[in-house]
Every structure is written in C-alpha cells, then in structure tokens.
C-alpha cells in the first residue's frame, strides 16, 4: 500500500488584516496597522497549494473560521443588532473587536496535532484541535476547528477526533507547530517530537523571561496519551527559552523535520545532544541531523526570513525539496546557507521559493500555512474529496475569492457591518463548494 504525507493548507479568510495581536511574534507586532489585501493573501495561499499538488503531492485545503466572531462579542456583553455589536465593540474595546476579526486560522500548523495510524495503538489517525489559550484571538478557534476537521476527515473507521485540551495555561497547546515526526517511510512507525516551552507545574524549570512559552510539557504529554502513542514513539524536547525571547514563538520558527531529516538551528533546543541520542535509540534508521550554526545564520536572520518555517517535502521521485518564502532569497546570509545546503550530502536536493508575503507580514511562513497528515491510500480515499486540491477546485476557489474578497482592508474597516454580510455569504458558499455541512455558528 502507498503512503503519503498530505499537506492541508489554511484558506485565508475574508477578514485578513494586520492588527498586531500576537505578542512574542516579531513580524506580527512590527507590521501592526498596515493595510492588508485579503484577496492577494488568499490567492498567494492557493498558488502555493496548487504548486504542491502539481508536483504530485497530496494537497488539501481547510476552511477558515467565521469572522467577525459576533458570538464571542455577545458573550462578553455587546448586544443589539449585529451592526450595533460591531459599533459598540469598535468604540469601547477596539482590541477585542480586532481579536474577533482575526484571520489567524489560516495558519493550520496551529489547528491541531495529528498522529498517523502507523504510530497509534488503535491504528487510526488521531486529531486533537489546539486550544491556543495563550492568545485571545486564537483561543476562540478550537470548536469550529474541530467541526472543520471532522467534516474533512469524517470516516470514523479511519479517523479519531478528540476535543481540545482544558482551556488553562497549564495545558497551553499550539498544535503541530510544536510537533514534528521522524520516520523511515511515512507508513512505518515513527518518532513524534513534541517540543515545549515550559513545564507549567514546575516553577523551578527553565522558561523564557520576555515572551510567553505557549506550549507546556503537560499539554504535549496529554496529547501523546490521547493519541495512544507508546513511549518509544515519543521524544519530549524543551525549546531553548533564550530563542523564545528572541521571537521564536513556535518551534516551527527554528526547526523542521521530514522523514529522516531534522533541520534545526544550533540554539533551537535545550540538551540537544542528549535528545538526539534519544531519537537515535528510538528510531533505527539512517538519520540526517542538519544543524545550522549561529556563525552562518543568526537567530535574527532566521526569524526575519523564516528559514525554518519552510516545508520539507518528499517529492514523488524520492528527493526532498524545501518550500521557502521569497524572504529567504532576500536575506543574504540565509540565501547563501540554502545554496550551500544543496551541496551537502543530505536528501534535500532543491529549494523552491514562493511569495507568501501577506502571510509573512503577519508572522506566518509556508510551514505555518499547512497541517501535515501522513496517510495511506485508503485513508486518502476516505477524506472528503471536495477538500483536495486539483485543477477544478483551484479554479473554483479563485473565482470564489474574486467574487467575495476585498483587496484592501484596514483595522478601521473591521467595524463595517457590511463585512459581516460579505464574510457569511462567502463562507456559506464555501461550505457548499467543499461539502462541509453546517460547520459555522451562523448556519446552525
């Protein structure tokens, strides 16, 4: 049976804007109040997804969240008509309105943690939506995320869906952005690397001082238990608190893995060699640990260019390629390193550059935009086929974006009641295109 690693990219929502909501994310904060282009953002994401599908990759799309989120605004005391709720919130609590209009669900690396059937005791693919409790604008996502995942991976014979973890900082969970999986072949049992920022229940353990550690060890261990993973299938690694304080808010900003390759910065982890030895003990295959030294790429350059927020994919030919943002080409140190990497004796033979600037300016590169799901061909066949990228879906979604999306959006525009109508009309049509059913609150 054939096995694949599918990528499910987040479709950028109609309210994509730059509100600077993500403390600890340097790009998000530094670009606050820029004018955004939701239409361009959605099309950039679709272009990347279609390019991977054209390379022979299994590529899907995940629907965005409903925004503005009027239900949250009503929960916190704003009342009256929908237009009045927006007007009140804009006047009395503009940052809360901004949080309820965020299109951050485009970064599906944070949507959930996924464990493939090759790793789990019950032989099913497991999904746990991330609770994202560290950031208000993301903490309102998990319920709808769960519905979208269930509508996409609906067959209970193959897919096991869990609820998100308790909504408390002790279980702060940011999903697959802090998890990577090493294996020989996608269909073989692998080792899942769970990277955490702090131990919530141990006040003496190392933790960052400037920016929050969004992922806890307690959350990572809870997800591993839910997913029925054996101890031999897991390695728990602490991210270096110093790099979190330099803007590395998720592990996928400083490391990325694929099959038998782990590509990471030398400052990424604590106790790096000890953890590499543990990986080698638990995974009996040839492994490539590609450590990028600070002398070649400084942390600041890694964060600005998102060198590690790249995708490493295995092409149908068996060679690996890096999917990088064009920002990596524009940074001399990073571009020089990537060119050097291609001359080294590793499975990575190509670097392909994509323009995802609308996402990058909000703090998310190519790896943020995708949720990896390793599957066999029977599981792929059980996926909602209307979510899988092909020529027809690409054309239809581009027409849908042209019809419904604005090409200019400011934070002041978020108070426009017309945005509610535009967004709901678009999402209602999208659920019909992708055959998702009533996943949104306004449809229920």
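Along the chain as shown, residues are numbered 1 onward.
Every residue, even glycine, has its Cβ placed from backbone N, Cα and C.
Feature annotations, reproduced from Swiss-Prot:
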type: BINDING; residues: 19-28, 110, 137-138, 214, 252, 362; note: substrate binding site
type: ACT_SITE; residues: 174; note: active site
type: ACT_SITE; residues: 250; note: active site
type: ACT_SITE; residues: 368; note: active site, nucleophile
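The most densely surrounded of the recorded positions 138, 250, judged by C-beta neighbours within 10 angstroms, is 250. DSSP assigns residue 174 (active site) to coil, not to a helix or a strand. For the pair residue 19 (substrate binding site) and residue 368 (active site, nucleophile), the Cα-Cα distance reads 18 Å.
Nearest by CA distance to residue 110 (substrate binding site), out of the active-site residues 174, 250, 368, is 174. Sorted by the number of other CB atoms within 10 A, the recorded positions 21, 368 start with 21, the lowest. The Cβ of residue 252 (substrate binding site) lies under 8 Å from the Cβ of 109, 176, 177, 178, 180, 308, 309, 367, 368, each of which sits 6+ residues away along the same chain.
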